[in-house]
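Q: I have a structure here, written as structure tokens, and I will follow up with some questions on it.
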Amino acid sequence: MAGPFSRLLSARPGLRLLALAGAGSLTAGILLRPESVGAAAAERRRLYPPSAEYPDLRKHNNCMASHLTPAVYARLCDKTTPTGWTLDQCIQTGVDNPGHPFIKTVGMVAGDEETYEVFAELFDPVIQERHNGYDPRTMKHTTDLDASKIRSGYFDERYVLSSRVRTGRSIRGLSLPPACTRAERREVERVVVDALSGLKGDLAGRYYRLSEMTEAEQQQLIDDHFLFDKPVSPLLTAAGMARDWPDARGIWHNNEKSFLIWVNEEDHTRVISMEKGGNMKRVFERFCRGLKEVEKLIQERGWEFMWNERLGYILTCPSNLGTGLRAGVHIKLPLLSKDNRFPKILENLRLQKRGTGGVDTAATGSVFDISNLDRLGKSEVELVQLVIDGVNYLIDCERRLERGQDIRIPPPLVHSKH
């Protein structure tokens with residue numbers, strides 16, 4: 001890619017250098033020898049056939065396990081990406097974590113942008129299952145950040161406690177969190193924080209490093225749902241994303257804490273717009289405006305986000321490809337949540353239920369985190385509208401149950417072909 005940004009350069013066969021030009025001076029340091037790493041792994045594996053290395057997935061319930069046949073494993077197990085990332089590293093989190101009480105997890109992660117190409121034979125069918133039939137081999141993803149297209153984005157606040165829209169973005173040229181070195185992780189932090197310093201007006205704010213916070217300060221931000229949790233999730237730890245914690249991790253937020261950027265958790269960045277109450281339209285308007293400004297500031301400094309027309313924005317987990325967008329609400333549903341039709345209603349509306357505190361938590365006081373299930377194949381505007389329409393349907397069901405009336409399961413939404 002053209003431009004004075006940090007990138008991996010081949011200095012001589014077998015050696016990779018990190019050229020740091022974005023800071024105004026050139027600094028070079030040896031990162032790794034991915035070719036030798038991959039060669040050593042392949043040589044060791046040749047002592048045993050792929051069938052001897054194939055993981056035991058008989059009790060697993062994740063997308064990876066559904067598609068990783070012995071034949072696919074045999075064809076991919078000796079391949080590596082240019083940075084040395086392997087198939088076994090992709091799938092380890094799904095091998096170690098067979099299933100999840102609330103959702104069917106993906107069970108695999110990417111280590112770099114090239115992962116999705118090198119291991120496409122496994123990733124493509126997983127993506128197709130996870131994203132409601134989206135076929136990355138034949139379809140193209142669309143982006144739309146025009147918040148003026150949103151209709152009726154105001155929820156009844158007797159039910160909806162807070163509204164939030166988030167996405168992720170990855171810096172091209174640097175490995176993703178499961179694979180990044182300490183130097184790459186620190187470079188992500190430097191690039192992002194430098195760009196965010198250019199935000200103005202109601203988006204202006206400051207960056208807070210985890211390493212400079214007290215335990216009490218961290219916990220308060222977590223309890224208030226502003227900060228990501230400590231790296232206790234087995235999905236996170238098994239994928240290698242908790243290494244060196246809390247080095248080069250942090251949170252940036254504006255003065256009102258309504259626009260936030262997480263740095264170096266599951267992704268290089270998570271961009272979040274949130275506020276209490278049910279004004280999803282205002283939350284999405286701020287999200288679109290802030291995200292466009294962040295991307296402009298990143299590009300002005302010679303960097304860019306990982307993106308391609310098949311998969312949209314590239315992130316660590318295949319579940320977040322495309323828009324990377326999760327529009328959600330904290331909503332009280334004491335009656336509907338006890339109805340045995342609730343899971344099927346969510347499924348047909350393409351909505352996902354999480355616990356009050358996120359993916360690895362339970363619901364507290366019948367309050368659920370409800371958000372869009374899909375990220376890929378629909379635009380940001382389409383997904384936010386889907387959530388608005390779906391949440392209003394859930395509220396209508398709750399009201400009907402309050403009045404002693406019956407509810408019905410809506411017909412399933414069909415994936416549009418792009």
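Just so it is clear, glycine is given a Cβ too, placed from its N, Cα and C backbone atoms.
Remember, predicted model here, so these are calculated numbers, not experimental data.
Not my notes, these are from Swiss-Prot:
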- 162-166, H225, R270, R326, 354-359, D369: ATP binding site (BINDING)
- 46-132: domain 'Phosphagen kinase N-terminal' (DOMAIN)
- 40-64: region 'Cardiolipin-binding' (REGION)
- 1-39: transit peptide (TRANSIT)
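Walk me through the surroundings of each of these features.
A: A strand conformation is recorded for R270 (ATP binding site) in the three-state DSSP classification.
Mean per-residue pLDDT, taken over the region 'Cardiolipin-binding' (40-64), amounts to 86.
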Q: Test of understanding: give the count of other CB atoms lying within 10 angstroms of the CB of R164 (ATP binding site).
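A: Its Cβ has 22 other Cβ atoms within 10 Å.
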